[in-house]
Amino acid sequence: MEVFPDKLRGRLSSSALSKLYELRNNKLNSFLSDVIDLCEPESIYLVEGTMEDIEYVKRRALETGEELPLSTKTHTIHFDHPLDQARAREDTFILGDKIPFVNTKPKEEGKKEVLSILKGAMKGREMFVGFYSLGPVSSKHRILAIQVTDSAYVIHSENMLYRHAFKEFQGDRDFLKFIHSVGTRDIKKRRIAIDLEGTVYSVNTTYAGNSVGLKKLALRLTLNKAVNEGWLSEHMAIIGLEGDKGVHYITASFPSGSGKTNTSMLGRLVSDDLAFIREVDGEARAWNPEAGVFGIIHGINQKDDPIIWEVLHSEDEVIFSNVLLKSDGTVYWDGSGEPEPEKGINFSGEWWKGKMDDKGKLVPASHPNARFTVRLGSFRNLDPRFDDPEGVKIEGMIFGVKDYSTLIPIAEAFNWAHGVITMGASMESARTSAVLGKSDEMEFNPMALLDFVSVSLGRYLENYLMFGKKLSHEPKIFSANYFLKNEKGFLNGKEDKRVWLRWIVERIEGNVDGLKSPIGIIPLYEDLSRMFSSVLGKPYTRENYESQFTIRLNGYKQKFLRIREIYANIEDTPYEVLEILDKQIADIEYYMRKFGDNVSPFQL
Ligand code: SPV
Ligand code: MN
């Protein structure tokens, strides 16, 4: 029985109709007819990914006013509602039973609510349907996904961020489903409802972290799938580092706004935000589900971020969001190193220097979570293997945090389980502007994933530990912190991360020894001194080393006590997790009895 022709006729062009017909995908057809019944769009545009489609979507984004043209012809600007500038934690929930640390809503109730808001939401509007693949299209591990939205900006973003895969939907293929509507932009009715059976509903929001289904909404679905199937779907960059013996790929997990994108620019770029990791022949292999970058623009300047700067000033396509639009049709953002204009248009409307909001707070020229959307192909450091269907072999994994008080800049775990539990699962980081709420509070954020975790943390960690057991070539695990301070301020310069990456490569190549400390293996002074000189052309004093690598034993102990308490209260935490944390705490206490609250690396 053909379900689609009646529903779709009149809403689709005849050529689109026949293309859909040729796919003969009944799951797709019945999904589309359900969406039509629900959202009642006026017309439908299928985005197959042809040049014509790409141009049409760009034109529609300008015609609807969702994007404004800039004087630099290939660039546009988009504004989100002033109260919709970041991921909306409170309005985002998994449909289902309660899970500690996960925002959930009873399935029937949550679904009914979001469906009632979506009912008729696209009346009089055009609906776009995009067909994509998460991961290289020809990889057997790719995951197909469909975006339905009435926002030309959302589908435009997706055309830049994901791989088109219309033809892959041939036959009764399964796919993830994302339904989005701009709605009435009533923030009180903003809802992002995640049904782990494979559908996400998003309404009354346009900020990409809430509306672009394939990014963080898909992450909730793929994480659940990964835990069920024994692989990892992670919030991680994938970076190729050149060593003396070749290129080594590592992953880097950092909470939003703590150095992830920046770190990805220091090597060969495979991914800046997400990674699928699977065991293949005893190796950990990784793929980027995405094909573009939706990055924070605040602070991007020519000196520190030359590659991103170049992309943003090239003739390649860029969507700027929530930066300042100047009267000459160019944009400005804070931290760019350029002089702040007197006035312009920003997320708050007309803007002038000194503008206050209704709470009497200064309105910045650009929002701290203002962003840029570009294709991976625009980066000159793009790794030639970024689209390799076989993925890249991962030899190191960094878990990085923004921690002003405790964690040393770089350390290596003793083994997979030690690293996964004491470095990844124990992450605490200062909150940044990528989520709505107060900045700079320390938050528990295991694997930088807390906002996206859709299963119990106990099951999630159990899967991680099991995954390690399948590997005959375990990646080395590292903890990183670019933000350590003492009374005088930050202990490291922005560039120092290049040295930490060099140390990681040399550890992978087996070129350098390390010093055993209670919290892991730390670099030797002589090695860092050589690397500061060869990588940065800078001297590195013993005093610098000592202040950066003195282990603040009591700080570490307190942190692990807090973390232990959290996991002890989660019902399905594997026993091994508590065992590893207990051993970690006991080891630190042993050193504290000998050395007191701090131990200098020269005492180890
Ligand atoms: C992040 O905040 O981690 C991002 C941007 O990568 S968002 O799409 O909002 O999640
Ligand atoms: Mn992210």
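The backbone N, Cα and C atoms fix where each Cβ goes, glycine too.
Per TrEMBL, the feature substrate binding site maps to Arg87, Tyr207, Ala208, Gly209, Ser256, Asn369, Ala370, Arg371. Cβ contacts within 10 Å of Gly209 (substrate binding site), excluding its own Cβ and spanning all protein chains shown: 24.
The Cβ neighbour count for His235 (Mn(2+) binding site), using a 10 Å radius over every protein chain in view, is 24. Summarising the annotation, TrEMBL assigns Mn(2+) binding site to Lys216, His235, Asp273.
Per TrEMBL, domain 'Phosphoenolpyruvate carboxykinase C-terminal P-loop' is recorded for 231-584.
For Gly257, Ser258, Gly259, Lys260, Thr261, Asn262, Arg371, the entry in TrEMBL reads GTP binding site. Just so you know, the Cβ of Arg371 (substrate binding site) picks up 27 other Cβ atoms within 10 Å once every protein chain is counted.
According to its DSSP assignment, Ser258 (GTP binding site) is coil. If you look up TrEMBL, you'll see Ser258 marked as active site.
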Contacting binding-site residues for ligand 2, chosen from Ala208, Gly209, Lys216, Asp273, Asn369 when the Cβ sits under 6 angstroms of any of its atoms: Asp273
Cβ-based neighbourhood (8 Å from the centroid) of the Mn(2+) site, residues Lys216, His235, Asp273 excluded: Lys215, Leu219, Ser256, Leu274, Phe452
Residue pair Ser258 (GTP binding site), Asp273 (Mn(2+) binding site) - Cα distance, angstrom, rounded: 12
Listed binding-site residues with Cβ under 6 Å from ligand 1, out of Gly209, Ser256, Lys260, Thr261, Asn262, Arg371: Gly209, Ser256
Spatial neighbours of Gly257 (GTP binding site) among the binding-site residues Arg87, Ala208, His235, Asn369, Ala370 [C-alpha, 10 Å]: Asn369
Candidates Ala208, Ala370: member of the binding-site residues with the richest Cβ shell (10 Å): Ala370
